[in-house]
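**Student:** What follows is a single structure, and I will ask about it in a moment.
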Amino acid sequence: MKNNIITLTQSLIQRPSISPDDQGCQQLIAERLQAVGFKLEWLPFGDTLNLWATHGEGKCIAFAGHTDVVPIGNESQWTYPPFEARIVENMLYGRGAADMKGALAAMVIAAETFVKHLPNHQGKIALLITSDEEAAATNGTVKVVETLIKRNEKIDYCVVGEPSSATQFGDIIKNGRRGSITGNLYIQGVQGHVAYPHLADNPVHNALKFLDELTHYQWDKGNEFFPPTSLQIANIHAGTGSNNVIPGELYVQFNLRYCTEVTDEIIKTKVAEMLEKHKLTYRIDWNLSGKPFLTPQGKLVNATIEAVKKFTQIRPHLDTGGGTSDARFIATMGAEVVEFGPLNQTIHKVNECVNIDDLAKCGEIYYYILEKLFNEQ
């Protein structure tokens with residue numbers, strides 16, 4: 001499988017698919033899958049292209065990934081052209097090499113090889129591929145999941161090919177993620193001249209005690225699977241830019257990465273209580289990016305651990321840290337979900353790269369997971 005994985009990865013990298021532009025990546029994948037009997041369903045939403053490809057019937061084992069990549073930044077800082085896909089000393093360089101065209105290619109080749117060997121396999125193999133993960137993530141996996149739910153189509157197990165490995169290939173399997181919720185808070189005051197404060201009402205001064213309480217509040221202590229919930233102020237702004245004007249409004253944007261000990265409703269209620277306690281006039285808009293999820297040790301987690309040990313000779317660690325991914329949408333279907341892929345040390349950076357031997361092992365691991373889960377049905 002190794003040569004096929006590397007060749008497909010290079011072909012995908014050579015298509016400059018800056019999110020949400022697919023640039024023909026999914027068509028390339030679709031042609032390979034269709035050639036071995038996969039049924040293809042195109043699910044475009046807005047500016048996003050999505051592919052749902054299936055083979056067989058029954059319990060569904062899905063692979064999920066994205067063809068879109070982040071911008072390259074300053075191209076002059078790249079040692080090798082970001083869309084050339086050059087291999088140097090066993091490292092494949094290019095935007096998307098690690099996040100996540102390499103893992104996506106490994107998934108496609110693993111599924112393709114599996115159905116060639118076992119065309120009448122048990123269950124259903126599916127690939128869910130989107131071009132909207134790196135940017136808004138509004139017309140991609142979330143919309144495909146909504147479509148599947150509406151027609152009572154289920155995913156039982158799902159491997160998301162995000163680059164999960166941290167310092168050594170295979171050291172981390174993500175079996176959950178924290179939730180993410182952002183508050184956009186507008187605290188009202190009365191604008192005026194700084195020389196006449198009695199004729200104004202400074203929202204910055206009024207908010208200081210509230211902000212101190214908000215940033216020091218302990219939401220929970222975490223649990224055996226998740227670290228404690230954390231809150232960070234991301235943006236804050238007030239004033240006109242002039243030094244003689246008391247601002248009329250203070251804008252504060254803050255984000256919480258929260259564990260399963262709290263809910264988004266608990267967070268909203270507590271923040272409202274704090275605001276009322278400090279007698280602030282305010283408006284707050286909430287944006288829930290994703291709820292926390294956890295896949296406990298079971299068939300999928302155990303199969304993934306076994307596969308990683310077999311092909312890397314190390315025992316992976318289960319982890320729920322990091323940012324959000326499309327796994328959060330798939331988890332809402334009740335699926336067992338894990339994320340596993342190559343090293344994440346160069347993702348979104350200049351000179352993004354991946355070890356081609358790691359990509360080959362990715363393919364072997366994905367193939368083994370299919371074997372293991374279908375044999376246990």
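Residue positions begin at 1 at the first shown residue.
Using the three backbone atoms N, Cα and C, a Cβ is placed for every residue, glycine included.
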**Student:** Of the candidates His55, His66, His198, His205, which one does Swiss-Prot list alongside Asp99, Glu162 as binding Zn(2+) 1?
**Tutor:** His66
**Student:** Swiss-Prot has Asp99, Glu134 down as binding Zn(2+) 2; which of His317, His348 does it also list for that site?
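**Tutor:** Of His317, His348, His348 joins Asp99, Glu134 in the Zn(2+) 2 site that Swiss-Prot records.
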**Student:** Taking the Cβ of Glu162 (Zn(2+) 1 binding site) as the centre, count every other Cβ atom within 10 Å, in any protein chain shown.
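**Tutor:** Here the count is 28.
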**Student:** Could you check which of these binding-site residues, Asp99, Glu134, Glu162, His348, sit within 10 Å of Asp68 (active site), going Cα to Cα?
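**Tutor:** Cα within 10 Å of Asp68 (active site): Asp99, Glu134.
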**Student:** Spatially speaking, which of the binding-site residues His66, Asp99, Glu162, His348 is closest to Glu133 (active site, proton acceptor)? Use C-alpha to C-alpha, please.
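**Tutor:** Closest by Cα distance to Glu133 (active site, proton acceptor) among the binding-site residues His66, Asp99, Glu162, His348: His66.
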**Student:** Cβ-Cβ under 8 Å from His348 (Zn(2+) 2 binding site), same chain, 6 or more residues apart: which ones?
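**Tutor:** Correct list: Val70, Asp99.
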**Student:** Can you list, in sequence order, the residues of the same chain other than Asp99, Glu134, His348 whose CB lies within 8 Å of the CB centroid of the Zn(2+) 2 site?
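**Tutor:** Neighbours found: Val69, Val70, Gly96, Met100, Ile347.
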**Student:** Can you name every residue in this chain, apart from His66, Asp99, Glu162, with its Cβ inside 8 Å of the center of the Cβ atoms of the recorded Zn(2+) 1 site?
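**Tutor:** Surrounding the site, in chain order, are Gly65, Met100, Ala103, Leu104, Glu133, Glu134, Val160, Gly161, Pro163, Ser325, Gly341, Ile347.
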